[in-house]
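If you scroll down you'll find the structure; I have some questions about it.
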Amino acid sequence: MSSASSKRSVMTLFSNKDDIYCHQVKIVLAEKGVLYENAEVDLQALPEDLMELNPYGTVPTLVDRDLVLFNSRIIMEYLDERFPHPPLMQVYPVSRAKDRLLMLRIEQDWYPTLAKAENGTEKEKTSALKQLKEELLGIAPIFQQMPYFMNEEFGLVDCYVAPLLWKLKHLGVEFTGTGSKAIKAYMERVFTRDSFLQSVGEAAPKNLMDDK
């Protein structure tokens, strides 16, 4: 047990406000109504206690008593099991496996393109945003079939998709033409959820419970 973790009596999330993986975890914490301390991290000057807790020095890092977790997927699945209501993973193993595959594809296919849009040259940014916009419009029927991403209920897959769309919105992407109505309706649904508003600091937490 590290001394850094033993000092913390409240669940703590080391995060950075601009990091998409941290945003995922914040949505889950808000969905679950968990009381936690957010420790904002300057990625250019990592705090010593984070380095002591996480050998990779990455965010998000979650500290829950003696347990230290890093990697957003591991953190989110832990939170979903630790705080079962509301459930964010589907009941049946086949459905869960399909959701995990979707999350993997989003992380591998879309997130690197988003990183180019955020950190690349102007040419790379323009190309990346165009690619993401076209790919999302290309799957627009998926957004139309169900209230949430391939699901009747809000779940972990939405915690991958919603932060991506939020980033695109703030990068100036506007969805127009065929398929845009379904995507914009989805964005409206997820962006107005209490959990999402809390995750971006635009609403106060509600019905919080501590982690004991």
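Here the Cβ of each residue, glycine as well, is placed from N, Cα and C on the backbone.
Checked Swiss-Prot, it gives:
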- 9-87: domain 'GST N-terminal' (DOMAIN)
- 92-212: domain 'GST C-terminal' (DOMAIN)
Please list the DSSP helix, strand and coil residue counts for the domain 'GST N-terminal' (9-87).
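Per-class counts: 30 helix, 17 strand, 32 coil.
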So how many of the residues in the domain 'GST C-terminal' (92-212) end up helix, strand or coil by DSSP?
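In the domain 'GST C-terminal' (92-212), the DSSP-based counts are 83 helix, 3 strand, 35 coil.
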